[in-house]
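Participant: This is the structure, below, for whatever I ask next.
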Amino acid sequence: MTLHAYLGRAGTGKSTKMLTEIKQKMKADPLGDPIILIAPTQSTFQLEQAFVNDPELNGSLRTEVLHFERLSHRIFQEVGSYSEQKLSKAATEMMIYNIVQEQQKYLKLYQSQAKYYGFSEKLTEQIQDFKKYAVTPEHLESFIADKNMQTRTKNKLEDIALIYREFEQRIQNEFITGEDALQYFIDCMPKSEWLKCADIYIDGFHNFSTIEYLIIKGLIKYAKSVTIILTTDGNHDQFSLFRKPSEVLRHIEEIANELNISIERQYFKQSYRFNNQDLKHLEQEFDALQINRVACQGHINILESATMREEINEIARRIIVDIRDKQLRYQDIAILYRDESYAYLFDSILPLYNIPYNIDTKRSMTHHPVMEMIRSLIEVIQSNWQVNPMLRLLKTDVLTASYLKSAYLVDLLENFVLERGIYGKRWLDDELFNVEHFSKMGRKAHKLTEDERNTFEQVVKLKKDVIDKILHFEKQMSQAATVKDFATAFYESMEYFELPNQLMTERDELDLNGYHEKAEEIDQIWNGLIQILDDLVLVFGDEPMSMERFLEVFDIGLEQLEFVVIPQTLDQVSIGTMDLAKVDNKQHVYLVGMNDGTMPQPVTASSLITDEEKKYFEQQANVELSPTSDILQMDEAFVCYVAMTRAKGNVTFSYSLMGSSGDDKEISPFLNQIQSLFNQLEITNLPQYHEVNPLSLMQHAKQTKITLFEALRAWLDDEIVADSWLDAYQVIRDSDHLNQGLDYLMSALTFDNETVKLGETLSKDLYGKEINASVSRFEGYQQCPFKHYASHGLKLNERTKYELQNFDLGDIFHSVLKYISERINGDFKQLDLKKIRQLTNEALEEILPKVQFNLLNSSAYYRYLSRRIGAIVETTLSALKYQGTYSKFMPKHFETSFRRKPRTNDELIAQTLTTTQGIPINIRGQIDRIDTYTKNDTSFVNIIDYKSSEGSATLDLTKVYYGMQMQMMTYMDIVLQNKQRLGLTDIVKPGGLLYFHVHEPRIKFKSWADIDEDKLEQDLIKKFKLSGLVNADQTVIDALDIRLEPKFTSDIVPVGLNKDGSLSKRGSQVADEATIYKFIQHNKENFIETASNIMDGHTEVAPLKYKQKLPCAFCSYQSVCHVDGMIDSKRYRTVDETINPIEAIQNINIDDEFGGEQ
């Protein structure tokens, strides 16, 4: 029973001395007494290599490299193990989660948090922490008895003690945790003869838990000798750099005193690890109070980059230089990091430079497609077949792998499901998934081609196969009563899915193609899944449980699964975190992410027990728990010290000025401290360095081409670029080995986001030999030619979702007003309040179920919206009644369609126009309402267009002149052409072109006292005043509002009279009959010009800017055209907005005779 302590700063030969001792013993007596080297889990492989790679060792049976848990197993093999089953991490958390749910109603502080998955994880960690520090439920109950304890802390401890006690009772005599196994190991030590003759070495630790100290105590007491290696100078000052390992030394001294033995200390002061004076000086002076500055010889570098990505790119380039120019091997290099954001960058950047590497971290399995499928399957059942988990399940491609182009089929199914609002048991309704229904996707019904029909039949078959599998799973699970039944049902369902065979086939293919790591992942996925099922049966067995609870507990277990990354080669760069990675004696170590906030890192308490409570327990009960945040904060300098002293040749520190989320970052204060130790240690700003040394960017062929592209792009933008890049371009271009992909990159240099003119032949292929279109299509072209090309040429459509859009509201209002108008023959003035409500209810009952597959009855929100729609309609009808009371014009026709060849007698004929290429233009559409008034054998017509959007309920004559607003003039033209079909007189003249804004008006009052019901009603009615353009003919004026008289402005039409009876300029929007005809004729010419441009093949990204507004703000195709307001302003078209459109139209000559039948 002897105790040795090797003490010294980093790199002073402590571990080397230990390894030398062990090797000498192995050489002298290969079969002698056992030698046990205890190290952290992440260090065991490295230490085993140290023995295996020694050519002087021909093998030995006496030395083992173990961590504490493996050592306990070694003892158990000798003296016998515990009879209880050991709980895995996943099994422990599943059990605790179930206990929490059962005991939720008894909890005082955590009752509301108990339902969340994360709470059971926190509670499991806290119980494990208590076990590590030998705190039992009885200890907690004794703490609770303290009357001076705060109520919140008391309630917290009562809750934790309740779960902890219940957990201990559940596992008593049946199960054992990892911490309990270590306690059993301590009890078994006296029985081990193997241990009594063993020499124990403990290396690589900087701190221990209470239970680990008890193990060390037992080893010292029962082993032949124990040697512990600590990185410390022996200073017990709590503010010392070596506070943490010195704290370990203090505990070891206490153990030695308890056992009444002395510690044979051996101090190591001579530095051996470092090959140069730079690293020696860095290690010796890092914690010095009085700085001794020396000249830096170039073995320490500090790099400053603009972004984290550029930082890792530079590290990759420097590793290539290390390998190529400095003859290092990849295994001589290590990268240490602390910010988790860097892990993704390593995976995405290092493979681009063909650098082999191994990251010493465990990745969660939850994002693997198989696990995502299983968890989504669970959520489908839990959520009663909601759409999001169903789509996630489908997109994993695990259950649909047998289908060709399964991802495309799932995309089509997703479009259909989102449009029709499929959720819940509607997934099971085969009628909803009839192939014919797919012809109506995107609101545009069309006849299916044979290929489309075959594709949609595949979609339906795929959906049916997946649904059958889910139904089988649901049925199997619903028949289970105990946890064992559920686990069996789940496994049998996976076999029904043929998942085992599918995974094994995929694994073999990956192995065959050289993707060994991916193949290994599949093995681990399946083994992990089976392990969770085994754990469930082990922990709960025949215990009754609801399916809902089983799925919750099972999901908790799946969350605990992690991939164990097995190194694929020995020669690779080691990557790990600064806190945990064990890399020693590397020729070059890169410490990345050296920013303030990362190194040092603000330490915040994350456990259920706060720092204050930990201190309270230590003071009141002498119970030591895991270190508090302030203690951990003091150890940040030691973390930095250990990380930077792992190298023996070179250390490179790096940091970026911008974080992963775009936030500004500052340099670590430790780097300032390091820089102060040297006279010539400058921070290398990478952008400036690369500008001066462009060759430093040319380390890897593929990546050099990408950097070359960036340099040439800058050169084309008239920026100054080093001649080296132009030389590099010529070398790469002329080299058959290097120039692959160069042409593709260079083509991007001249890319300017310009579209190509289609030409007449291709335009005919796209648009047909005649244009059959609505007015809105031509208006869309005027907004932007590319928008028209994308929508009508490429036929790109936004995914239609099961939700109400603005245009849906417009359609509803149109349909409801048509229904009511036809019921009363357009006589709105006969309506009273009772009739309005009756008709509104009838119309809504008839129309709303047809909207978006009965969307407005799908939820409480939409049912509320339906009532709002009814209220708007009632207000609108009141306004129409008011307007009809004072107008001689009578509504006669509603929702009147027009086209070149009418299908019914009620439809109107639209005159065919012709493009300059001779292509027929067939305009079609629908006029909301036509009002007529006849006097002296002359009929006057009003065009009334309902608009639910205020912005579109205005007739802008400037827009009309430039062809941006073509609707109203087209409608009036159609009506004038169809006097006989409309039953009008031989003479027909325009009355008004008017918009009616269907909306819910808002009236503002300063206070409640100002509200007058009568005035409120009048103000509301005035909000519905028609806007647009009116024929200045006196007959029309008099008929529009019979109340018109001098000094009166109508509140129903845009007309007002001056004192002398003339039309007022401010209150009237009028034009004479000839002007209206000229606008109509000019509108036709705009049609012809627009259609001719379409057939010419114009597809320019050229939005029309009007009144400082762009159509891009509401365009669905921005992701296609990539127009950018910052750099593409030259693309914008403009018009002369200063013109007076009335005066401008006077120059238009009328060629056609208006009022004639076509």
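Every residue gets a Cβ built from N, Cα and C, even glycine.
Checked Swiss-Prot, it gives:
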type	residues	note
DOMAIN	1-275	domain 'UvrD-like helicase ATP-binding'
BINDING	G8, R9, A10, G11, T12, G13, K14, S15	ATP binding site
DOMAIN	269-583	domain 'UvrD-like helicase C-terminal'
BINDING	C784, C1112, C1115, C1121	[4Fe-4S] cluster binding site
Participant: Given the binding-site residues C784, C1112, C1115, C1121, state which is nearest to G13 (ATP binding site) when distance is taken between Cα atoms.
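Facilitator: Of all the candidates listed, C1121 is nearest in space.
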Participant: Applying the rule Cβ within 8 Å of the centroid of the Cβ atoms of C784, C1112, C1115, C1121, what extra residues of the same chain belong around the [4Fe-4S] cluster site?
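Facilitator: Residues close to the [4Fe-4S] cluster site, other than C784, C1112, C1115, C1121: Q783, F786, K787, V1101, P1103, L1110, P1111, Y1117, Q1118, V1123.
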Participant: Using a 10 Å radius around each Cβ and all protein chains in view, which of these binding-site residues has the most neighbours: A10, C784, C1112, C1115, C1121?
Facilitator: C784
Participant: I'm checking region-level scores; what's the whole-number mean pLDDT for the domain 'UvrD-like helicase ATP-binding' (1-275)?
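Facilitator: Summarising the domain 'UvrD-like helicase ATP-binding' (1-275) by its mean pLDDT gives 89.
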Participant: Between the binding-site residues C784, C1112, C1115, C1121, which lies closest to G11 (ATP binding site), Cα to Cα?
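Facilitator: With Cα distances computed to G11 (ATP binding site), the winner among C784, C1112, C1115, C1121 is C1121.
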Participant: Could you state the whole-number distance in Å separating the C-alpha atoms of C1115 ([4Fe-4S] cluster binding site) and R9 (ATP binding site)?
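Facilitator: Their Cα atoms are separated by 66 Å.
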Participant: Could you check which of the binding-site residues C784, C1112, C1121 is the closest Cα neighbour of R9 (ATP binding site)?
Facilitator: C1121
Participant: Have a look at the binding-site residues A10, T12, K14, S15 and say which one has the shortest Cα distance to C1112 ([4Fe-4S] cluster binding site).
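Facilitator: Spatially nearest to C1112 ([4Fe-4S] cluster binding site) by Cα position is A10.
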Participant: I need the least crowded one of these binding-site residues (G8, G11, G13), counting other C-beta atoms within 10 angstroms of each C-beta.
Facilitator: G13
Participant: With an 8 Å cut-off on Cβ distance to the G8, R9, A10, G11, T12, G13, K14, S15 Cβ center, who else from the chain surrounds the ATP site?
Facilitator: T16, T231, F268, S271, Y272, R273
Participant: Quick one: what's DSSP say for A10 (ATP binding site), helix, strand or coil?
Facilitator: coil
Participant: Between K14 (ATP binding site) and C1121 ([4Fe-4S] cluster binding site), what C-alpha distance do you get in Å?
Facilitator: 65
Participant: Here's one to test understanding: among the binding-site residues G8, A10, S15, whose C-alpha is closest in space to the C-alpha of C784 ([4Fe-4S] cluster binding site)?
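Facilitator: Of all the candidates listed, A10 is nearest in space.
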Participant: What does DSSP say about C1112 ([4Fe-4S] cluster binding site): helix, strand or coil?
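Facilitator: DSSP assigns C1112 ([4Fe-4S] cluster binding site) to helix.
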Participant: I need the nearest neighbour of C1121 ([4Fe-4S] cluster binding site) among the binding-site residues G8, A10, T12, S15, using C-alpha distances.
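Facilitator: Closest recorded candidate to C1121 ([4Fe-4S] cluster binding site) by Cα: A10.
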Participant: Tell me which residues of the chain lie with their Cβ under 8 angstroms from that of S15 (ATP binding site), as long as they are six or more apart in sequence?
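Facilitator: The list for S15 (ATP binding site) reads D203, I229, D584, given in order along the sequence.
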Participant: Counting every protein chain present, what is the number of Cβ atoms, excluding its own, within 10 Å of the Cβ of K14 (ATP binding site)?
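Facilitator: Looking across every protein chain shown, the total is 23.
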